[in-house]
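Everything on this sheet refers to the single structure shown next.
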Amino acid sequence: MSTKSKDQHARVSYLYQASQLLFRNVQEPTLSRHYISTAKDVSQKSVMRIHPDIKRTICKGCNSLLVPGKSCSIRFEEPSRKNPSIDRVLWICKKCAFKKRFSDKSC
């Protein structure tokens, strides 16, 4: 990993952690969304992938942090007829109503 990519990775990580802190402790969702948006821009410009665990906590519609009970609601969907062994979890953003579906194993 080059020095430039390490710097970009550290910047994205810092912005994500700062947005979490602002959202949970200071109750500043607007600034938190701005930091998430900036982190996504930095990762796209440097062609760097964001870890899937971090992606799962960000709304694609409005860049809000998805915190169960505060900014999103979680529902468990019925198993499909094609794959009855896979349970699905539905995360719904309370700000923009964007829906994210995950298999239960990935959450």
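In case you wondered, yes, glycine gets a Cβ from its N, Cα and C as well.
Contacts of CYS62 (Zn(2+) binding site) defined by a Cβ separation under 8 A and a same-chain sequence distance of 6+ are given as ARG33, CYS93, LYS95, CYS96, PHE98, in order along the sequence. Marked as Zn(2+) binding site by Swiss-Prot on the basis of similarity to another entry: CYS59, CYS62, CYS93, CYS96.
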Here are some binding-site residues: CYS93, CYS96. Which one has the most Cβ atoms within 10 Å of its Cβ?
CYS93
Give me the count of other Cβ atoms within 10 A of the Cβ belonging to CYS59 (Zn(2+) binding site).
23
Excluding CYS59, CYS62, CYS93, CYS96 themselves, which residues in that chain have a Cβ inside 8 Å of the centre of the Cβ atoms defining the Zn(2+) site?
LYS60, GLY61, ASN63, SER64, LYS94, LYS95, ALA97, PHE98
